[in-house]
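Below is one structure, written out as structure tokens, with a few remarks after it.
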Amino acid sequence: MSSSSRPLPYSVKDVHYDNAKFRHRSFFKVITQSLFIGNFKRGCMSFSTGKFLAALMIFGIVYLMLTHTSPSYSVPSGLAKVIRSNKEDKGIDGGSSFRRLWRRAPRLPPRLPPDEKGGNGSFIQEPMKTKLDSEWIGRQQKVKDAFIHAWSGYKKYAFGYDELMPLSKHGTDGLGGLGATIVDALDTAMIMGVDEAVSEAGSWIEKHLLDRILQKGQVNLFETTIRVLGGLLSAYHLSGGEQGINITSKGPRPIVYLETAKNLADRLLSAFTSSPTAIPFSDVVLRDSSSHPAPDGLSSTSEVSTLQLEFNYLSTVSGNPNYSMEAMKVLEHLKTLPKVEGLVPIYISPQSGEFSGENIRLGSRGDSYYEYLIKVWLQQGTNHNANWTYLHDMYVEAMKGVRHLLVRKSIPNGLTFVGELPYGSNGEYSPKMDHLVCFLPGTLALGATKGITKERAMKDNLLTFEDLENLKLAEDLAKTCFEMYSVTSTGLAPEIAYFHTQEFYESGLDGGNKSSEYVDDIIIKRADRHNLLRPETVESLFVLYRITEDPKYREWGWQIFEAFEKYTKVNSGGYSSLDDVTMLPPRGRDKMETFFLGETLKYLYLLFGESSVIPLDKFVFNSEAHPFPIKGTI
């Protein structure tokens, strides 16, 4: 937290006023009370000694009547304990009858039948809580069942390939041939307790992955780092490596995951060491540990700045600082480059080390740059020092820039959205918002409270005014992301949406759900109507539920999950992307992305479960939902 920021203990909407203090009195009451007070004052002025003695005698009689033993009631023993406890808590002396003269007698709670025992005074709430808990446990089990169905399809038709093509029932290697679905899904299976999948994935990794790494050709540095390297390192921790939490006894020894991760990372390092600048090349040839830039010579800003969580953690558990040192050079270099109110273009040149073009957006090629600024800082935990504070400062400046330059409201109903500046801050604003931007509500909430609940942060006076602004923006954007789902015929979001503004509108391009309140606010162009089973919205719902504890985020997540089940589930196994979310029935797109198992289902499962599982103040999730421990917390 910046030392120059002034903490604000609360916002006005968080103060629960006692409304009775502000009720208006009627004109009749004003007159009658004035007359009564006036008569009372005159009576007091003419109060004689005789009148005083008479009043004193009446007062004594009333006192004796009130303090006389009252008829006994049969009070259940549990309730009696609660009453005694309440008296002690409030400092009420049971023998002090005089005080009761001036206080209205409390209403006793209704007596319960002998078989309805309450604890801690929760006579009505407890059964309701149990019902709600069992409901969410059941829903969490549905997500686990979905994972098992997705895994079964992959195992049957595509095991060892990167991805399943569920409609044609075979596998494809679109990510370099490292069995990406296996590694991406492994820690999800661990968290869910799907032991069979943990054993199958772990056995394949032990027997085959190292050979794949030694033999395979070109891979993308970013995708391989977040999915495969990240998946291996998370599995290492969750299986008990480096005093990890050891939530599974299945699969190989943790050291297998670590040694495989080190071998992969050693080859990926060539992207950093071969570049003439601190900006790594985008592609690596694994079998000979060489690397080269993309065909156009540029790297994505998000890709070069979304490697640090993984390489930092590998340095921590391996004892080799080189991994972290190479990756952190990127962020240290980005700190020195000119920005637009903290915002950066989406391309950067490894040859020159400078940004290329002026396109600013938080969608593809820009998104996780902002995510990792705050997460890499959080990863250091209590070890924050002057060498890392620049990350927090860059994040704070960038979020100010987002609020100032990119956030707008739609018409007619005022949905908050984040647009783009394709030609820089001096160019025309575009009301285009990728589904990928829906990572931002979760990141904003995480940056505001640092992973603890909003209630605790408020109580401990930890939130600045800016934190509260970011938290409010997070909630507003989460609603928009959810409405991008509910506005369509299928209840699933398109890949890209546009928003109706004063300057931009195209008719005839709504989501198809005419009953949606926001059907006129959201525009979905025909080329953007596909759904890839993406995780960003449910990721933000998970983070916001953990931080705000507002049950609506769970309910929204359940509606999204039901839509996935209804329209993307393939009976023979797996789930399919969709071609057009506005059409019923939707056509399937023959691909199940690895992130459906690695991210989407994991976040849904955690959303419906206990907040003590992978807590946000002890873990940071990488951009592929692989959790790494925060230093000093575990």
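Just so it is clear, glycine is given a Cβ too, placed from its N, Cα and C backbone atoms.
Among the features that TrEMBL reports, active site, proton donor is placed at Glu223, Glu495. Here TrEMBL flags Asp367, Glu536 as active site. The Ca(2+) binding site annotation in TrEMBL covers Ser623. Per TrEMBL, the feature disulfide bond maps to Cys438-Cys481. Here TrEMBL flags 49-66 as transmembrane segment.
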Take the Cβ of Glu223 (active site, proton donor) and count every other Cβ within 10 Å, whichever protein chain it belongs to. 20
Under 8 Å by Cβ from the residue listed as 'Ca(2+) binding site', same chain, sequence gap 6 or more: Ile226, Thr306, Ser368, Glu371, Tyr372
Given the active-site residues Glu223, Glu495, Glu536, which one's Cα is the least distant from that of Cys481 (disulfide bond)? Glu536
Taking only the CA atoms, the spacing between Glu536 (active site) and Cys438 (disulfide bond), expressed in whole angstrom, is 5
Across all chains shown, how many C-beta atoms besides its own are within 10 angstroms of the C-beta of Cys438 (disulfide bond)? 29
Just going by other Cβ atoms within 10 Å, which of the active-site residues Asp367, Glu495 has the emptiest spot? Glu495
Glu223 (active site, proton donor) versus recorded positions Asp367, Cys438, Glu495 - nearest by Cα: Asp367
Cα-Cα distance linking Cys438 (disulfide bond) and Glu495 (active site, proton donor), given in Å to the nearest integer: 11
Cβ neighbour count (10 Å, all chains) around Cys481 (disulfide bond) is 29
Neighbouring C-beta atoms (10 Å sphere around the C-beta of Glu536 (active site)): 23
